[in-house]
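Heads up: the structure comes next, in structure tokens.
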Amino acid sequence: MAVASRLAVARVAPDGGAAGRRRRRRGRPVVAVPTAAGRGRGRGGAVAASPPTEEAVQMTEPLTKEDLMAYLVSGCKPKENWRIGTEHEKFGFEVDTLRPIKYDQIRDILNGLAERFDWDKIVEENNVIGLKQGKQSISLEPGGQFELSGAPLETLHQTCAEVNSHLYQVKAVGEEMGIGFLGIGFQPKWALSDIPIMPKGRYEIMRNYMPKVGSLGLDMMFRTCTVQVNLDFSSEQDMIRKFRAGLALQPIATAIFANSPFKEGKPNGYLSLRSHIWTDTDNNRSGMLPFVFDDSFGFERYVDYALDVPMYFVYRNKKYIDCTGMSFRDFMVGKLPQAPGELPTLNDWENHLTTIFPEVRLKRYLEMRGADGGPWRRLCALPAFWVGLLYDEESLQSISDMTSDWTNEEREMLRRKVPVTGLKTPFRDGYVRDLAEEILQLSKNGLERRGYKEVSFLREVDAVISSGVTPAERLLNLYETKWQRSVDPVFQELLY
């Protein structure tokens, strides 16, 4: 997604060595990974459907496990090249009725953004399903949630400016159509049957498969919104430290940003229903990945994990082929029943990695995936929180030391209980709020040492932790008092 929108990277050997020479000896062409940044823009033009899933250069030999590892290793970059990629989703709704917007309305918004603000359209089977502009993209989630995948940026000031620019554009086009956008983690008012379905091939496959593997997968697809940050690593060891820190602290971020307390017009019993939903979506591809904390963990272990996550699809001839439940290992040797003789390309691997949904996800960067969607200030605060912790060596070491003796059972307990009790969740001799205070200070210190005057972006986090009141609890209090037990005012309260 966001940080992936970098220049295409040819395969890199796991040891950083002479991959090109070895590849030529094995009789293969050098194949770059095609990404958004590698394509030119034509003013007001259209580009192929996202993701770009078919390679122009045909493989002469099957991919090996080494190649799959090398794809991940190619994300390693020196600290001076680390960037911040922020993604967020939001619900579009009709201002007059509060109903979710349909695809026709979304198409009109996309066309309006393309015409007024010079975005290129992404088209699938004659339907506009997204937009691109430089290294930014706008895409549609299954229920029409609008997602901005931001460009890889150097500072949080740039990140927040990007978010503000996007929200200005969306508001300018949407207001003329009587459409608003809501920053919350779960659809507060409407039932699953009220949510429109987007015309994207991969989502049809997922929609049919989800009920077979969990009870809440369709809710995840159609009624949730998140904000996440994508961050870089310099080496395998740096990736491991950040992955472990991110997983251990993900429930703390879930508590701080908890913002999904309503469902179908009433409180739902959770502070972050969105987070809870992931616990019964598809446990083959989600969760806290305890193996990341094993001494043997590294790129190879993640590849082994990903190879065993059941597939969703293969994309060939501009069509999605349903491969749900099939093995990428079988695909590697040309034995997919739905695509006999077909062998995977690096793009197939790239696509497969996007169908894995743990609390922290590894691609050629790490994605922090634990936070609910929220209003614009929190869209700036979430990346600030993680940048201060993971991009500063001293703070990262402090987090590693703090969490090194946490057990798998403790991490799972936090994952399970935080969506219900948030900052009030007991942990050891205190509460998650106590942990959050300590972690916030480490994040502030990390941002101070970066030297870009970015600490102010943590004000929202500071306010939540110092008060002990999560965003969800604040909404619940409004619901019981000022809103007189109606969720309708939340559409104005959290309007972008």
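From the backbone N, Cα and C atoms, a Cβ is placed for every residue, glycine too.
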Whichever of Cys323, Cys380 is disulfide-bonded to Cys160 when Swiss-Prot is consulted: Cys380
Residues that sit under 8 angstroms from Cys380 (disulfide bond) by C-beta distance, when 6+ apart in the chain: Leu156, Thr159, Cys160, Val163, Phe457, Glu460
Local Cβ density at Cys160 (disulfide bond) - other Cβ atoms counted within 10 Å: 22
Helix, strand or coil at Cys160 (disulfide bond) [DSSP, three-state]: helix
Where Cys380 (disulfide bond) sits in the secondary structure, as DSSP reduces it to three classes: helix
